[in-house]
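Shown next, in structure tokens, is the structure this report addresses.
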Amino acid sequence: MKYLIQIITAYIGSLGFALLFNIKKERILYASIGGIITWCIYLLSFYYWNDIFISNMIASILGTAYSELLARIHKAPTTVFLLPSIVPLVPGGSLYYSMSYAVMGNKIKFDLYALNTLKTSLGIAVGIIVVSVVVYHLTNYKCKRSKI
């Protein structure tokens with residue numbers, strides 16, 4: 001039941017950001033489903049590896065691949081699908097707590113939450129970069145090959 005609630009809230013959060021970004025009506029559902037996909041992947045990978053960085057990286061890789069695929073299908077920019085898809089991964093809670101403990105002067109807890117925030121952010125960034133670089137090189141290769 002706990003995981004079902006997390007998946008539903010991931011969908012609602014992604015839907016909220018899709019609406020905030022004024023995504024076209026026919027694309028809102030797909031953008032929001034991306035949030036469900038990334039959160040489910042995160043939960044599964046965290047269950048197997050129990051590592052924040054790896055879990056966020058894997059979820060981000062698959063979320064970015066999903067966004068790239070839908071961008072090609074719908075002939076839209078990748079960010080239309082990517083941003084709502086990665087919203088559930090954003091480390092808002094750990095960032096809040098790290099700043100809160102920094103202000104209170106609790107260095108031990110600040111270090112713990114700041115490290116978690118950094119691992120999460122780096123995992124998301126690395127995942128996006130990996131897929132973006134692969135897609136860029138595949139697209140470049142395809143363009144160069146068609147010119148020959």
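Each Cβ is built from the backbone N, Cα and C atoms, and glycine gets one as well.
Listed in TrEMBL for this protein:
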| type | residues | note |
| --- | --- | --- |
| DOMAIN | 6-134 | domain 'Threonine/Serine exporter ThrE' |
| TRANSMEM | 6-23 | transmembrane segment |
| TRANSMEM | 28-47 | transmembrane segment |
| TRANSMEM | 53-71 | transmembrane segment |
| TRANSMEM | 78-98 | transmembrane segment |
| TRANSMEM | 118-138 | transmembrane segment |
*Long-range environment of the transmembrane segment (28-47) - Cβ separation under 8 angstroms, sequence gap at least 6*: 3, 6-7, 10-11, 13-15, 18-19, 54-56, 58-60, 62-63, 66-67, 70, 74, 80-89
*Confidence summary (mean pLDDT) of the domain 'Threonine/Serine exporter ThrE' (6-134)*: 97
